[in-house]
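Trainee: Sharing a structure with you now.
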């Protein structure tokens, strides 16, 4: 059995990151409520969904303190926080993992929507029917269900796999048999079917990234070659930049660490405490940047924050928003 050292500073680091994430998402939620968008009105539900996803993700990470550990051709994503006992932690573990995939799929939907709106206008109007929307919802649901099934079939820690991991990986202070974890081993139950599911999940992420890249390239070409310069195109350029940055966040903080971790057991390389810490901190940082990106790049939100912090003279719209909110509060009382 090989012992795996744990860095005692990691839990407090992850908790601090999660608290900061909850605060930034709370700020975005307050701004979302107090400053209704006029130019990006159709995009507001995406911002609300982002806040909900990031909040749930941050709470899960803080309670779970996940660590990625690779030893002896085995990879596990194990809970080491205050909530790590099965079966509740298993549900929590899978929940925030699925939150990541839902966020990635949501961003891809935004890219496809903008691509259809700008580059395939005729097809966009033809597809703007209830039947097409239901079909799109069904496709998205099937993708999420597929990911959930892969997790359950290939990565779920049944009693046999828990015993195998406990014999091969010793984590000080953690009872592997009782802790929740997801993972797989090339030396345990990795037949052709299970291996194909692992590869399928990696390929799915690659396909999603390629769809985003294709749509982004087409949108960029359209906006670059557009001869007219009006408010609509200016708004689309702002949304495009925002989408690019929002797409980069999960790629940098989740997809790249995920692919790197998945690569380790196939090489037999063991994870050092430094590698485990970098991967865990990267995973925890994901929900921090989403609200910051939205507030910084959405002009109405940015202006609202600057006005509230009195870093500039309040605009007429901000004064009206405060007056309206105050009036509602007085009416309620």
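Note that Cβ sites are derived from N, Cα and C of the backbone, with glycine treated the same way.
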Trainee: Select from 170-192, 193-215 the stretch of residues annotated by TrEMBL as transmembrane segment.
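Mentor: When 170-192, 193-215 are checked in TrEMBL, transmembrane segment belongs to 193-215.
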Trainee: Out of 45-63, 64-82, which range is noted as transmembrane segment by TrEMBL?
Mentor: 45-63
Trainee: Near the transmembrane segment (134-155), which same-chain residues lie under 8 Å Cβ to Cβ, leaving out any that are not at least 6 residues past its ends?
Mentor: 77, 94, 97-98, 101-102, 105, 109, 182-184, 194, 197-198, 200-201, 204
Trainee: Select the range from 45-63, 91-113, 193-215 that forms the most Cβ-Cβ pairs under 8 Å with the transmembrane segment (278-298).
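Mentor: When the Cβ pairs under 8 Å are tallied, 45-63 comes out ahead.
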Trainee: Against which stretches of its own chain does the transmembrane segment (193-215) lie, if we need a Cβ under 8 Å and a gap of at least six residues from its ends?
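Mentor: Here the qualifying positions are 104-105, 107-108, 111-112, 114-115, 143, 146-147, 150, 153-154, 184, 247, 251, 255, 258-259, 262.
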Trainee: Apart from its near flanks, which chain residues at least 6 from the ends of the transmembrane segment (91-113) lie with a Cβ under 8 angstroms of it?
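Mentor: That would be 46, 49-50, 53, 56-57, 60-61, 63-64, 66, 77, 79, 83, 136, 140, 143-144, 147-148, 151, 180-182, 205, 208, 211-212, 215-216, 219, 243, 246-247, 250, 254-255, 286.
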